[in-house]
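Trainee: Pulled the feature table from TrEMBL, pasting it below:
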type	residues	note
BINDING	R124, 147-150, 213-215, Q219, 266-269, R450, 461-462	substrate binding site
BINDING	E143, N145, E368	Mg(2+) binding site
BINDING	E143, K305, 364-373, Y375, 398-401, E425, K452, D458	ATP binding site
DOMAIN	203-302	domain 'Glutathione synthase substrate-binding'
Amino acid sequence: MSVAVWKTRGATRNLILAEVARDEALLQGVLMRTKETPNSSELVTYAPFTLFPSPFPKAAFLQALAVQTHYNTLVDRISQDTEFLLQALASTIEVDDFSARLFKIHQQILNEGGSRSIVLGLNRSDYMLDKRGDQPPSLKQIEINTIAASFGGLSSRTPDVHRRVLKMADRLEESQHILDNNPAAGLAKAIAKAWELYGSERAVVMFFVEEVQRNVFDQRCIERELWKRNIPTFRKRFDDICKTIRLDQDKRLFVGGNEIAVVYFRNGYMPQNYFSEQCWEARLTMERSMAVKCPDIVSHLVGTKKVQQVLAKPGVLERFFPDQPQVVEQIRATFTGLYSLDMGPEGDRTIAMALAEPDRFVLKPQREGGGNNIYGSEIIQVLEKVKDSSERMAYILMDKINPAPVQNYLLRRDAPLAVSSCVSELGVFGAYVRQGKDLLMNECVGHLLRTKSSEHSDGGVAAGVAVLDNPLLV
């Protein structure tokens, strides 16, 4: 299905479809708080989304789903390999203060004997389609998110929106091809398993949330799934936690008088989240505790860009899958070119390559949250400043992925309806639970498609650049 088909039906028809789509999004709970009142639900709007689902190759989509459990296993195995993680991050923690603070907590927990009897991982691996010449598009990984992977909730609510739009547009057959998708249920299932293993019905799941909470409804979807299972939840910000956090003699974690079974991090992934030394002390206290952390500090570190780059080196994946060459092949097939900027000849070659052809690459710092990557002429500006200093080790270089644009309408509050040239990014959610050496759950639990105007290089839905979408498999 092409948007060109819709344009021939006239602007009036599309305006009607857009009005219905917005109302359906509100009916389905595809909601965000407004910029004006980000911490109040008195006034809400629809989360931005595409008017039509975007075409996505079926083979690439199934490839992304099939490899997700292997990525779950990879993250979990790296988190248990202390020597590898130290070697991988040695140069980064020399120059990146935020990574160094996180790693210091990790080392302190190790020195105290660790607290990882129950491990809960909720990951999202993000991909784009790379189109080179006449070759079919290939699936290439952008990154894997091991902390605060968002939109598992709202992406569970969008399929019915696009089904309604397609039915109104006399596209009944296409409406039946919109995939069922419920990451919220799968993510909650894993949290529930960790809560059950913790073993106290009085203990609660704490959603550790940001100071500004526009995306609260995405998280409420997961809370709702937990309450269906009679698992109590509450939401706390850093400020609340710092005031009342404590451990008892058995290292059970208490916040505001409530025993915490699971800490679900939707905060703590950016330096600015830690606005005082008390925040760092609270993070350390949580990591020391018997509560299940999602993620714990070591799994948080596994999600860094530097680890992603090191994994792409020849022979490294084999360390984690020594007798599984097919798994190694599946994972490696999703890698694009990743290059070190460490001091020495290899890093020098990377610098020279990037300065010669900056438009071929993306320069990535060790940051999450979207909007941090560096492109084009800005790569030259940054590298000219740091190329002769150890500061360059805070970055990695990645081949720029080149997706083929498609046309769609991006529905945003107070924005006129206009067709845009768009590119899409597929996220796949994974969930795993381990107790001791036993992996009790390892599943792919759903997907997320985000689409943005092709004029934007970086940024997600929460950053105000991308919008929610659904894949229409072709």
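Every residue, even glycine, has its Cβ placed from backbone N, Cα and C.
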Trainee: For Q219 (substrate binding site), just count the other CB atoms lying within 10 A of its CB, please.
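Mentor: Neighbour count, Cβ to Cβ under the 10 Å cut-off: 22.
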Trainee: So around the Mg(2+) site, E143, N145, E368 aside, which residues have their CB within 8 A of the centroid of those CB atoms?
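Mentor: Surrounding the site, in chain order, are R124, D126, I144, T146, I147, A149, Y269, G303.
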Trainee: Measuring Cα to Cα, tell me the gap between Q219 (substrate binding site) and N145 (Mg(2+) binding site) in whole angstrom.
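Mentor: Each residue's Cα considered, Q219 (substrate binding site) and N145 (Mg(2+) binding site) end up 16 Å apart.
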Trainee: Considering only the binding-site residues E143, E368, Y375, K400, which residue has the minimal Cα-Cα separation from S150 (substrate binding site)?
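Mentor: In terms of Cα distance, S150 (substrate binding site) lies closest to E368.
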Trainee: For Y269 (substrate binding site) and K400 (ATP binding site), what Cα-Cα distance in Å is obtained after rounding to a whole number?
Mentor: 24
Trainee: Return the single residue from the binding-site residues list (R124, R214, K452) that has the minimum number of other CB atoms within 10 Å.
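Mentor: Among the binding-site residues R124, R214, K452, the sparsest Cβ neighbourhood within 10 Å belongs to R214.
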Trainee: Considering only the binding-site residues R124, N267, P365, G371, K400, K452, which fall within 10 Å of N145 (Mg(2+) binding site) when distances are taken between Cα atoms?
Mentor: R124
Trainee: What binding-site residues in the list R124, N267, K400, K452 lie within 10 angstroms of E143 (Mg(2+) binding site), counting C-alpha atoms?
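Mentor: Final answer, ordered: R124.
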Trainee: Roughly how many Å separate the Cα of P365 (ATP binding site) from that of N267 (substrate binding site), to the nearest whole number?
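Mentor: Pair distance, Cα basis, whole Å: 19 Å.
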Trainee: Could you state the whole-number distance in Å separating the C-alpha atoms of N267 (substrate binding site) and G371 (ATP binding site)?
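Mentor: Cα of N267 (substrate binding site) to Cα of G371 (ATP binding site) measures 17 Å after rounding.
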Trainee: With K400 (ATP binding site) as the reference Cα, tell me which of the binding-site residues R124, A148, R214, E368 is the closest one.
Mentor: E368
Trainee: How big is the gap, in Å, between the Cα of A148 (substrate binding site) and that of E368 (Mg(2+) binding site), rounded to a whole number?
Mentor: 9
Trainee: Given E368 (Mg(2+) binding site) and K452 (ATP binding site), what distance in Å do their CA atoms have, once rounded to a whole number?
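Mentor: E368 (Mg(2+) binding site) to K452 (ATP binding site), Cα-Cα distance: 18 Å.
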